Each structure stands twice: as structure tokens, then as C-alpha cells.
Amino acid sequence: MKFIIKLFPEITIKSQSVRLRFIKILTGNIRNVLKHYDETLAVVRHWDNIEVRAKDENQRLAIRDALTRIPGIHHILEVEDVPFTDMHDIFEKALVQYRDQLEGKTFCVRVKRRGKHDFSSIDVERYVGGGLNQHIESARVKLTNPEVTVHLEVEDDRLLLIKGRYEGIGGFPIGTQEDVLSLISGGFDSGVSSYMLMRRGCRVHYCFFNLGGAAHEIGVRQVAHYLWNRFGSSHRVRFVAINFEPVVGEILEKIDDGQMGVILKRMMVRAASKVAERYGVQALVTGEALGQVSSQTLTNLRLIDNVSDTLILRPLISYDKEHIINLARQIGTEDFARTMPEYCGVISKSPTVKAAKSKIEAEEEKFDFSILDKVVEEANNVDIREIAQQTEQEVVEVETVNGFGPNDVILDIRSIDEQEDKPLKVEGIDVVSLPFYKLSTKFGDLDQNRTWLLWCERGVMSRLQALYLREQGFNNVKVYRP
């Protein structure tokens with residue numbers, strides 16, 4: 001099988017040296033992602049496209065899906081590459097390929113040509129289109145808004161029969177821009193803002209301020225791992241977790257109620273800036289949107305920015321909540337966000353929308369900054385690829401099994417789409433479907449006299465969810481890894 005990768009248009013207008021660098025980086029990113037599916041595949045870069053050739057036909061759908069999620073790719077063409085002799089040969093091959101698709105449809109033919117030939121692209125379009133129209137009686141030519149467009153590419157003595165076109169996410173290849181540190185809470189905003197910076201070519205590391213215990217951190221780890229695995233797995237990134245409960249406790253005890261929200265955000269920026277400096281990261285990323293909550297007025301945002309020299313990027317600053325939720329739905333983080341607890345909004349009963357710098361600084365004089373230094377020093381830094389291994393260490397009390405007993409039920413916790421694409425069937429045991437994002441609210445409705453064996457393809461989500469359910473008091477869960 002063969003795929004032709006078309007570059008994001010902004011890449012093609014760069015200078016020659018920059019364009020070549022971007023293409024080289026994108027080629028490396030594609031190799032890094034696809035090697036998990038087929039180690040023998042070939043990735044070949046050209047001036048205006050990248051070719052991917054693979055031998056394992058069983059991985060065709062997985063490879064195609066992975067390509068649509070790599071930043072820097074505008075669209076993917078799945079093609080059949082065959083030799084041809086003349087225009088009539090092109091027509092005959094197109095007839096075999098497209099006859100079934102064109103039955104009873106309106107169609108047009110579009111051709112791109114490279115190389116030296118005694119015919120033009122329009123000549124091929126007319127010849128092939130006329131031939132298809134004659135040989136498929138129920139088909140009809142329609143040059144504007146046809147039901148089917150027959151795409152052909154001619155390159156020297158090769159004909160590319162385009163079997164399908166699939167849109168990519170666009171943007172710049174990860175690694176073409178500098179690293180950033182995303183302040184991730186697991187909600188709608190931070191997930192979308194992280195994705196937007198990945199799509200713009202940044203390697204996104206994650207910094208999480210834990211305000212709600214182990215269960216909260218597990219949920220945010222899931223979001224970060226999902227974003228990385230889906231859009232940024234070509235690069236290694238860090239997940240830094242900071243236990244911010246001591247800082248919140250100090251704020252609740254010593255800071256005036258109205259100033260708590262702004263001061264909490266200032267403390268987070270201070271801590272994140274220290275982490276960014278430690279790892280040589282150039283900017284912080286937040287999901288703040290203008291006027292969304294009390295701390296996100298222009299006055300308050302300016303005061304928050306003032307505590308650090310580190311650049312703070314806010315890609316969602318002009319977005320409304322509906323737009324953000326729609327983006328979260330598109331990238332797949334909506335269900336995570338809906339079940340994620342929100343802690344920041346509850347610590348202040350009457351927050352100020354226009355904080356005064358003098359008052360904020362006066363309140364912060366009451367704060368013991370050694371507490372902030374201590375939590376940053378004790379921050380837990382993990383390679384995001386090791387989340388599964390770390391979870392295995394943390395859930396030693398959760399048994400992993402490769403078999404089952406008479407009272408066991410396998411619980412498939414993959415997303416609905418994954419379950420529909422690849423249903424799980426295991427002989428001799430019942431399999432129940434319950435997506436991971438519904439476990440927190442629906443697991444208690446299941447028969448608690450049964451033992452539930454949580455399963456997902458890679459075992460990451462099942463381990464994270466097993467730990468979460470254990471913390472909620474459910475002792476009838478195990479991890480199933482056949």
C-alpha cells in the first residue's frame with residue numbers, strides 16, 4: 001500500500017531552506033509514529049510531498065488514521081501506483097478502479113501531471129471522462145459539484161489511482177517551533193489549548209497542579225496521555241505534577257477572600273516558570289479566555305503575568321465556551337473534561353474582577369513562599385511514556401490477570417468508536433462495554449457481586465481506571481491483560 005502525504009500550505013510558502021527543514025522534521029515525525037505499526041515501512045520525502053509505503057495490509061486503516069493526526073499534514077491520498085503506456089491505458093485502469101463507485105452517480109475527472117508527456121492534464125481529463133461516461137451507462141458527467149470526483153495523478157510513466165483522500169489536521173510539524181509547558185487541569189480549556197500549540201509545531205510538556213488528591217491526578221494524566229498519544233507521540237514529553245494542596249491551604253488561611261483567585265493563579269505561574277526554567281522551556285500555555293471567570297479579566301491577567309518574565313501564551317483568549325467545547329469534541333477530550341472535577345473555582349466566594357496591584361502585593365506578604373519553593377522542589381517529573389509503568393507500580397494492590405473465573409466479567413472501557421471499529425469477543429466469558437469516561441458515574445450501577453476485569457488495548461487506561469475505582473472503594477476490579 002502507498003500513501004502520498006500533502007504538506008500544509010503554510011509550509012510550501014516558506015523559503016527553500018526552511019521548507020526543506022520542515023519537510024525533514026515531518027518525515028522524521030511520521031517515521032517515529034508509524035514504526036509502532038510496521039517497522040519495515042518506508043518514508044520518502046520529496047519537494048512537495050512525502051511517500052509512505054508499507055507492506056502489512058492488516059495495518060492499513062491504523063496507519064491511515066495515524067497519519068491524519070500528525071501535525072504538518074494537510075491531507076493524505078491513499079493510492080495505487082501502476083505503470084501506464086498511453087492515455088487509453090490510463091482510461092482502462094481508471095475504469096477498473098472506479099466503475100462500481102460511478103454507477104448511478106454524477107462525476108468529473110481531475111488530473112495532476114508531472115513530467116514530460118505528449119498530452120496535457122486537460123487532455124487526460126477529457127479522454128478518461130468521456131470513456132467512463134460511454135462505458136458506464138448510469139453515470140453522468142457533471143463538472144460542478146459532482147457526486148464523485150475521480151482523482152488521478154500522472155508522474156512520468158507512473159499512474160496514481162487515488163483510492164481515497166483523507167484530511168489531516170494541518171499546522172506545522174512538531175519540533176519546528178520551541179518547547180512549551182502547558183498548565184493542564186484536565187478541563188475543556190487546557191486540553192484544547194495544548195492541542196492548538198502541538199498543531200502549531202511545539203512540543204508540549206505538561207504541568208499539573210494537584211488540588212484534589214490522587215484521583216484528580218489520575219484523571220489529568222489520562223487527558224495528557226491521550227493528547228500526547230493522539231497528536232504528539234512523535235516526541236518525548238514530560239508530565240510534571242506539583243502537589244499544590246499546601247499552597248492552597250496557606251492561601252485559605254492567610255489571604256483575603258476576594259484576592260484568593262488571582263493570588264492562586266500568580267502562585268501557579270511562579271511555580272510553572274520555575275519548572276520551565278529548569279527544563280529550558282521558552283513559554284507557558286494556559287487555557288484562559290477573556291472574561292470567562294473572575295481571574296480572567298484584562299486587569300487580573302496583567303497582574304498574573306507580572307509575576308514572571310516567562311512568556312505566557314493564551315491561544316483561547318478570544319474564544320467563547322461553546323467554541324472551545326466544540327473543539328474539545330473534535331479532538332476527543334470532551335468526555336474527559338465533562339467528568340473532571342474543577343477545584344480552582346471553589347476557593348473564593350466573592351472574587352475580585354479588578355484586583356489592585358498594591359493590595360495583591362500586600363496580601364502576598366502574608367504568604368510563606370518557602371511552601372511554594374518546597375512543592376516545586378518536590379514536583380514529580382515523569383516521561384509521559386512511562387505513565388503506564390508508573391501506574392503499574394502505584395496499583396500493586398490491583399491484580400493483573402490473563403485468565404478468568406466463573407464469576408468474572410470483562411469490562412471493555414475503550415471509547416465507543418474503538419469498540420465499534422474493533423469489537424472485543426472472548427470465548428467463555430461475558431464482555432460488557434462501558435467507556436472509561438462513564439466509569440465514575442456508571443460503574444456503581446453494575447452488579448457488584450461480580451468481579452470486573454477492566455480491559456483496553458494497550459493497558460494504560462485500564463490500569464489508571466482500576467486505581468481510580470479502588471480509591472472509590474470498589475474492590476471487585478482487576479486488570480485483564482491476555
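In case you wondered, yes, glycine gets a Cβ from its N, Cα and C as well.
For 61-165, the entry in Swiss-Prot reads domain 'THUMP', with the evidence type sequence analysis.
Sequence-distant neighbours of Gln296 (ATP binding site): residues of the same chain at least 6 apart with a C-beta under 8 Å from its C-beta are Glu288, Ala289, Leu290. Under the DSSP three-state reduction, Gln296 (ATP binding site) is assigned to helix. Residues or ranges marked as ATP binding site by Swiss-Prot on the basis of sequence analysis: Leu183, Ile184, Lys265, Gly287, Gln296.
Long-range Cβ neighbours of Cys456 (disulfide bond) (same chain, at least 6 residues apart, Cβ-Cβ under 8 Å): Asp412, Ile413, Arg414, Phe436, Ser462. Summarising the annotation, Swiss-Prot assigns disulfide bond to Cys344-Cys456 and lists sequence analysis as the type of evidence.
The domain 'Rhodanese' annotation in Swiss-Prot covers 404-482.
The active site, cysteine persulfide intermediate annotation in Swiss-Prot covers Cys456.
If you take the C-beta of Lys265 (ATP binding site) and look for same-chain residues 6 or more apart in sequence within under 8 angstroms, you find Ser295, Asn300, Ile304.
Our reading of the ATP binding annotation (Leu183, Ile184, Lys265, Gly287, Gln296) yields a largest Cα to Cα distance of 16 angstrom. Under 8 Å, Cβ to Cβ, and six or more positions away along its own chain, Leu183 (ATP binding site) finds Ser190, Cys207, Phe208, Phe209, Met268, Ala272, Leu284, Val285, Thr286, Gly287.
In this structure, Cys456 (disulfide bond) belongs to neither helix nor strand by DSSP; it is coil. Ile184 (ATP binding site) is surrounded by 27 other CB atoms, counting those within 10 A of its CB over all protein chains shown.
A simple way to gauge crowding: the CB of Gly287 (ATP binding site) has 25 other CB atoms within 10 angstroms, across all the protein chains here.
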